[in-house]
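Peer 1: Take this structure first; my questions come after.
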Amino acid sequence: MTQLNTQFGKVAVLLGGNSAEREVSLRSGQAVLNALQNHGINAIAFDPKERPLWELNELAIDRVFIALHGRGGEDGTVQGALEFMNLPYTGSNVLGSALAMDKVRCKHLFKSAGLSTAPYTVVDAKKGFDAAAIMQQFKKVMVKPSHEGSSIGMAQASTPQELEDALSNAFKFDSQVLVEQWISGREFTITVLGDEVLPVIEMTTPNGFYDYQAKYQATTTQYHCPADLSPADTEHLQAMALDAFDLVGASGWGRVDAMQDQQGNFYLLEVNTVPGMTEKSLVPMAAKAHGASFEQLVVRILEQTL
């Protein structure tokens, strides 16, 4: 029988929620819950879709592990509620969460700070747009709803018609959409844990890009950890990731995604403040390459609330 670990008190794992990433969050949260309980921590699952947050007080919760992805859980909303309730929680604060979740604001920040990021434009559902002019400027683009994760609502476009179709779909998720120059090359992700940067992971997929299907369903997606990069490139990419993480005000733990074009230049994509923690997730993979088990990773994240 596992000895009870009392230093954390009673912990609620927030999972599920109302976002388009609910199913992924349920899997992440269950994995986190199992790890905490295996470590002897008094932890329970709490789904904000099923019950109001104020019940956390009734349950005498001491701290919260946030495993919510997307809107309502990763955008500063639940963080603000927990701040109001004086409950310590994992990950970034209200501002860091809100900024990182907003792809458009992140791009503006990266650009203004001189960090390398792909050329882009922003399309608003309430305003008109010229698909032909955008495609003439960029040739090939990636379309991303500003506030979604797990590649939800994302699509490539190489013609004005494809762009119109991609925007029409993206507008179902968000009124502001990021249209980004397509970078053809290698895709990487870098985990930040406390003040450490973990080994870089490279993802390869026949899907064209690392989309929802490649992330959670495909058996053809391959992961290389640590990535096959020179020591200089690895150091540069890790430093760039840490700069981006700090710039948006993220803290505690998270993941930064980046690309390398065929000329060897690196470009920042986005910062994730509550990355996936499923069996296929990248943060546990990086932690394992760093010598930490999944349980050790989860406990280390929770320790940041003490």
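Cβ coordinates are placed from backbone N, Cα and C, and glycine is handled just like the others.
As annotated by Swiss-Prot, ATP binding site applies to 134-189. Swiss-Prot lists Asp257, Glu270 with the feature Mg(2+) 1 binding site. According to Swiss-Prot, the feature Mg(2+) 2 binding site maps to Glu270, Asn272, an assignment based on sequence analysis. For 107-303, the entry in Swiss-Prot reads domain 'ATP-grasp'.
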Peer 1: Fewest other C-beta atoms within 10 angstroms of its own C-beta: which of the binding-site residues Glu148, Glu162, Asp257, Glu270 fits that?
Peer 2: Glu162
Peer 1: Given a separation of at least six residues and a C-beta threshold under 8 Å, show me what packs close to Ile183 (ATP binding site) in the same chain.
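Peer 2: Correct list: Ala118, Met259, Asp261, Tyr267.
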Peer 1: Which binding-site residues from the set Ile134, Glu148, Ala155, Glu162, Gln176, Asn272 come within 10 angstroms of Asp257 (Mg(2+) 1 binding site), judged by C-alpha positions?
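Peer 2: Among Ile134, Glu148, Ala155, Glu162, Gln176, Asn272, the ones whose Cα sits within 10 Å of that of Asp257 (Mg(2+) 1 binding site) are Asn272.
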Peer 1: Within 10 Å of each Cβ, count the other Cβ atoms and name the one among the binding-site residues Asn169, Gln176, Asn272 with the highest count.
Peer 2: Asn272
Peer 1: Just jot down the residues in the same chain as Ile134 (ATP binding site), at least 6 apart in sequence, with C-beta under 8 A of its C-beta; none if empty.
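Peer 2: Listed in sequence order: Thr121, Val123, Val141, Pro160, Leu163, Val179.
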Peer 1: Let me know the DSSP-derived helix, strand or coil state of Ile134 (ATP binding site), please.
Peer 2: helix
Peer 1: Spatially, and counting Cα to Cα, which of the binding-site residues is closest to Glu270 (Mg(2+) 1 binding site)? Options: Glu148, Ala155, Glu162, Asn169.
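Peer 2: Smallest Cα separation from Glu270 (Mg(2+) 1 binding site) among Glu148, Ala155, Glu162, Asn169: Glu148.
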Peer 1: Tell me, if you would, which residue among Val141, Ala155 (binding-site residues) has the fewest other CB atoms within 10 Å in the structure shown?
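Peer 2: Across Val141, Ala155, these binding-site residues, the one with fewest Cβ atoms within 10 Å is Ala155.
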Peer 1: Which of these binding-site residues is closest to Asn272 (Mg(2+) 2 binding site) if you go by CA atoms: Glu148, Ala155, Glu162, Asn169, Gln176?
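Peer 2: Of the binding-site residues Glu148, Ala155, Glu162, Asn169, Gln176, Glu148 has its Cα closest to that of Asn272 (Mg(2+) 2 binding site).
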Peer 1: Can you tell me the mean pLDDT for the domain 'ATP-grasp' (107-303)?
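Peer 2: Value for the domain 'ATP-grasp' (107-303), mean pLDDT as a whole number: 91.
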